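The structure appears right after this line, and notes come after that.
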Amino acid sequence: MKPVLVLAILAVLFLRLADSVPRPLDVVVSEIRSAHFRVEENQCWFHMGMLHYKGRMSGNFTEKHFVSVGIVSQSYMDRLQVSGEQYHHDERGAYFEWNIGGHPVPHTVDMVDITLSTRWGDPKKYAACVPQVRMDYSSQTINWYLQRSIRDDNWGLLFRTLLVYLFSLVVLVLLTVGVSARLRFI
């Protein structure tokens, strides 16, 4: 039982250290094309094979404006409509705020776009975000992380994914064998 406890402690330490190391994919690109609108917050990331996106844009908005969030890849196009409920107006002015969490996407997603338009105008791209990959080390999404690491030629993500998956299998086998051996002698 002591080796299993030591392995569990090492696994927790490894998971915490792996998440604290900055990844080369942690690049956030912000393009501001107008003096009337300003992107104040722009974050996006992958977690458990799903896209999470958070941001805020302020400026000269009216209730006729709306923001659309688009997911762009070579083989996948999707537009998420941020509803009017995210439109706010207070003493600081008008702003849009969005927090999209848990939108399932394939491993081929390259970028997330924010477009702003009025009900009758053409949408214009105001910001873009390259999603960072945040590991979750669950067996549900092992295939997604393997495909993403091979697609991006990210060998660090590939080896980290394989190492953690194999480590979790070893711990599972040790726990199973330890419990069955203990039950046999009771």
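Cβ coordinates are placed from backbone N, Cα and C, and glycine is handled just like the others.
According to Swiss-Prot, the protein carries these features:
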- 1-20: signal peptide (SIGNAL)
- Cys44-Cys129: disulfide bond (DISULFID)
- Asn60: N-linked glycosylation site (CARBOHYD)
- 161-181: transmembrane segment (TRANSMEM)
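A strand conformation is recorded for Cys44 (disulfide bond) in the three-state DSSP classification. The two recorded residues, Cys129 (disulfide bond) and the residue listed as 'N-linked glycosylation site', show a Cα separation of 23 Å. Of all the Cβ atoms in the protein chains shown, 11 others lie within 10 Å of the Cβ of the residue listed as 'N-linked glycosylation site'. Cα of Asn60 (N-linked glycosylation site) to Cα of Cys44 (disulfide bond): a span of 24 Å. DSSP gives Cys129 (disulfide bond) a strand state. All protein chains considered, the CB of Cys44 (disulfide bond) has 22 other CB atoms within 10 Å. Every protein chain shown contributes to the tally, and the Cβ of Cys129 (disulfide bond) ends up with 23 other Cβ atoms within 10 Å.
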